[in-house]
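See structure below.
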Amino acid sequence: VQEGAKPIVQEKGPYTYRTRYLMKENITANSNNTVSFSLPSGAIFEPGLSVGSEQDVMVIINIAVAAYSLIPQGLHFILNTMINNSGVSLFQNRTVHELLWGYTDPTIGSVIGVFYPYNDTYDGPYNVFSGKDDISKVALIDRWRGHASLPFWDDNYCDMINGSDASSFPPFVDKKKTLYFFSSDICRLGLFTGSVDLKGIEVYRYMLPKMTLAAPTVNPDNMCYCKDPVLTLNCTVAGVLDISSCRDGTPILISLPHFLHGSPELVEALVGLNPNEDHHSTFLDVEPITGFTLNFAKRLQVNIMYGPSKKVQNNTIIPILWLNETATLDDATADRLKGELFSRVEMLEAVQISLMVIGVVLCVAFELSIKKI
């Protein structure tokens with residue numbers, strides 16, 4: 001790669017962790033009809049659902065070395081000295097645990113990890129509407145970390161915090177309307193694609209539209225995310241989002257796995273990628289009456305940019321890993337929903353229909369009696 005050859009990538013996994021098993025904390029009802037809470041972060045390794053152990057060794061790109069070309073020219077001598085003294089190269093061997101949860105980098109002397117820090121940290125606090133004054137606002141986010149908008153993009157549109165956290169939405173979902181959701185990883189929207197049967201329950205499926213990560217020259221709404229004209233080839237590259245501004249300057253880019261919906265040059269720059277709509281797309285299955293998300297898959301890829309260097313002319317965006325955060329309704333909860341909630345709704349609908357029928361019969365009888373008179 002350092003000589004200009006295409007990087008060869010090989011997918012290995014899954015390595016599975018159980019997350020979101022902790023209850024919300026610091027739950028407080030506020031006077032403005034919102035509820036505030038924090039989401040504790042924790043992950044427990046599930047060896048039975050994984051292809052190996054956390055001690056499996058991976059060959060990964062050295063983030064400190066890859067970032068060489070991204071730092072100011074005047075600091076190259078200092079970083080060169082640090083790299084030479086530590087004896088590191090562009091690629092390194094790290095265990096799965098080190099890659100995810102952190103290791104002390106010999107070049108910069110600080111801890112580096114894709115999810116470091118994660119365990120024993122908190123996302124939020126969130127302020128969400130309770131719906132007490134307006135049921136159409138249930139679960140919608142009012143503030144995140146005390147802010148009504150994000151402080152990262154310097155643009156009113158890109159800094160918007162709109163929608164819910166995707167775990168639930170206001171009830172009585174209208175399939176004709178777009179659902180917006182906010183994630184501290186990526187803030188995006190979902191479009192209705194069709195009805196799906198989930199364990200005997202009809203749900204609406206929403207997916208990220210292709211225009212979500214379209215090149216800003218194609219989708220002008222994305223122009224405010226285009227911060228680096230070199231990286232994005234003057235905002236013509238589709239499929240990646242530079243999140244370095246909200247990651248303390250770390251040159252991290254987010255995409256869909258295998259650069260799904262990305263520009264062809266992203267895939268062609270590497271050997272071993274195979275984007276697939278079924279395996280790599282993000283979706284939500286929302287029960288329309290309650291607004292609850294009963295099944296979802298959030299699939300994102302974490303990448304880093306390398307180049308240009310003496311022998312590498314162009315920037316290359318190299319994947320580090322991709323995550324598949326999923327949750328689905330279990331059989332017991334599905335039976336409860338069908339037995340306790342939906343059966344009552346069906347009963348109310350039956351009563352409503354019977355009342356309408358009775359009303360029609362009475363009207364007809366009334367008209368007939370008038371005619372007889």
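Any Cβ shown, glycine's included, is placed from N, Cα and C.
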Disulfide-bonded cysteine for C226 as listed in TrEMBL, from C235, C246:
C235
Quick one: TrEMBL says C224 makes a disulfide with which of C158, C187?
C158
C246 (disulfide bond) versus C224 (disulfide bond) - Cα distance in angstrom:
14
Which of these disulfide-bonded residues has the least crowded Cβ, counting other Cβ atoms within 10 Å: C235, C246?
C246
Enumerate same-chain residues with a sequence separation of six or more from C226 (disulfide bond) and a Cβ-Cβ distance below 8 A; give 'none' if the list is empty.
P216, T232, C235
Using a 10 Å radius around each Cβ and counting other Cβ atoms from all shown chains, which of the disulfide-bonded residues C158, C224 yields the largest count?
C158
Between the Cα atoms of C158 (disulfide bond) and C246 (disulfide bond), what distance do you get, rounded to the nearest Å?
13
